């Protein structure tokens with residue numbers, strides 16, 4: 001009886017594994033197809049039926065990204081934006097610490113206000129924010145692309161959650177030793193907060209790398225385009241040049257997948273939303 | 001020990017930079033959007049503020065006589081009604097399947113299913129547009145081999161919406177699967193052991209232990225997915241521009257087109273407020289339903 005049960009469990013596991021394998025293959029198929037197609041010649045890619053693997057491997061599509069198209073410029077802009085979004089992450093961490101460890105007038109209402117901004121859809125704010133940036137003469141500048149997304153309520157919330165759990169006695173001890181509040185933040189709080197900084201750092205990188213809506217609205221000039229806006233332009237200009245499009249997509253997707261695989265253990269643990277009991 | 005003024009101000013130096021940016025780019029814009037939704041602000045008003053005219057509710061009444069807007073509401077409703085249940089059902093199924101085993105294979109599958117969630121929407125939309133190509137796309141090739149199709153995918157109003165939904169569901173499964181998986185792993189093993197002793201089969205265990213234990217995460221996923229699908233934008237923007245024949249245009253895309261392509265800022269702001277109202281109502285309904293469920 002017990003033996004029979006074990007075999008049934010094992011058979012069940014194999015069946016589940018087979019379903020997952022098939023479904024997983026379908027899930028990953030678009031990426032495989034994208035990556036392999038990016039090495040195909042134009043002649044091959046315009047045939048009605050194609051082999052999965054390229055007949056003649058070529059790097060031509062990738063070369064054209066940088067020669068015919070401005071992917072070098074887009075890459076530079078994307079990296080600048082990503083760099084600045086890390087500064088935004090520090091502002092989020094500061095705010096999270098302020099809400100977690102200080103008592104001050106208006107703390108409760110201000111924090112609720114922060115959380116309330118999470119509910120506001122981007123489409124409602126995009127027109128007024130454009131008008132505000134226009135008044136500040138920041139449209140069509142990198143600063144205009146960076147500023148609206150610099151801080152985020154969800155990140156502030158996560159920093160506050162983590163920092164609330166840091167023991168007060170460490171902070172009090174440092175204060176008695178005469179450390180300034182900023183010294184405490186930089187030399188005690190930031191080092192303790194490494195786990196949350198790791199998760200936020202990866203999410204910040206992914207967010208900056210994938211940024212689309214603000215660069216699309218604020219940048220009129222190709223020299224301020226990011227990779228995703230540039231890729232969207234490339235699709236419009238080279239409608240049927242699928243080799244080039246797949247190279248551009250691979251160029252955006254592959255680095256993120258690599259970073260994700262390296263740091264996955266930090267990201268995957270950050271998704272427990274169960275209500276606190 | 002009396003606090004000096006300096007001590008009292010220190011907390012604000014930590015929170016103020018972030019608060020000012022949030023106020024400037026999230027809170028104040030709501031009020032500006034509301035005000036300009038009652039004006040005829042366009043490109044001339046942008047250069048010269050004295051040209052801006054208050055026109056009362058005219059934008060709103062015009063919206064509900066604009067067949068393109070009404071169509072975009074219907075389309076968005078279609079996306080929400082088909083897309084949200086699909087996302088919940090499929091990501092829950094994947095999570096339950098992955099939760100069957102703990103070994104390396106199952107951990108690897110978790111990675112596989114999560115990957116679409118972190119990749120750039122523009123990039124995957126470009127890839128799927130290629131796969132959807134009627135003559136040389138991968139999908140019609142594969143279906144052709146088993147004697148099906150060819151399907152028109154994006155080029156026919158009847159199938160275009162569904163094609164966009166397939167892509168968006170594919171992309172949304174990973175993140176929600178992780179949320180469900182975290183919740184599944186929090187269910188105490190002893191519950192299942194007790195049920196097994198009582199002779200409950202797999203399906204009974206799923207129905208009476210797993211699903212009730214997941215009610216909070218199902219609620220969370222429903223609300224966030226609902227809000228996300230109400231703002232459906234990237235996919236139709238990159239893949240169809242709202243076509244063919246407006247069949248894939250969403251409210252979010254309608255707002256973008258009117259605001260930034262036609263420079264009808266006032267009209268677009270009114271459209272965005274209609275969307276905002278719909279999101280708030282849908283969220284409140286969800287909260288009500290959740291409360292009612294807990295009451296039983």
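Just so you know, glycine gets a Cβ as well, placed from its N, Cα and C.
Caution: TrEMBL annotation is automatic and unverified by curators.
Taken from TrEMBL, the feature transmembrane segment covers B:12-36 (among others).
Marked as domain 'ABC transmembrane type-1' by TrEMBL: B:73-286.
Here TrEMBL flags B:78-99 (among others) as transmembrane segment.
What TrEMBL lists as transmembrane segment is B:111-131 (among others). A Cβ distance under 8 Å defines the sequence-distant neighbours of the transmembrane segment (B:111-131), meaning residues of its chain 6+ beyond its ends; these are 94, 98, 137-139, 154, 167, 170-175, 177-178, 234-235, 238-239.
With a threshold of 8 Å between CB atoms, the same-chain residues lying at least 6 positions outside the transmembrane segment (B:162-184) that come near it are 79, 82-83, 86-88, 90-92, 94-96, 98-99, 110, 113-119, 121, 124-125, 128, 132, 153-154, 210, 213-214, 216-217, 220-221, 225, 228-229, 232, 235-236, 239-240, 248. Residues or ranges marked as transmembrane segment in TrEMBL: B:162-184 (among others).
Sequence annotations record features per position, and here TrEMBL assigns transmembrane segment to B:214-232 (among others). Using a Cβ-Cβ cut-off under 8 Å and counting only residues 6 or more beyond its ends in the same chain, the transmembrane segment (B:214-232) has close neighbours at 76, 79-80, 83-84, 87-88, 91-92, 164, 168, 172, 176, 179-180, 182-184, 250-253, 275, 278-279, 282-283, 286-287, 290, 293-294.
Summarising the annotation, TrEMBL assigns transmembrane segment to B:265-287 (among others).
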Requested in this report: Grab the same-chain neighbours of the transmembrane segment (B:78-99) for me: Cβ-Cβ under 8 Å, and only residues 6 or more beyond its ends, written as numbers and ranges.
Outcome: 106, 109-110, 113, 161-162, 164-165, 168-169, 172-178, 180-181, 184-185, 206, 210, 214, 218, 221-222, 225-226, 229-230, 232, 250, 282
Query raised in the report: So which residues does the transmembrane segment (B:12-36) touch in its own chain, when a touch means Cβ under 8 Å and the partner is 6 or more beyond its ends?
Result: 52, 265-266, 269, 272-273
Query - Surrounding residues of the transmembrane segment (B:265-287) on its own chain - C-beta under 8 Å, 6+ positions past either end - result: 33-34, 36-42, 45-46, 55, 59-60, 62-63, 69, 73, 76, 80, 219, 222-223, 226-227, 230-231, 251-252, 254-256, 258-259
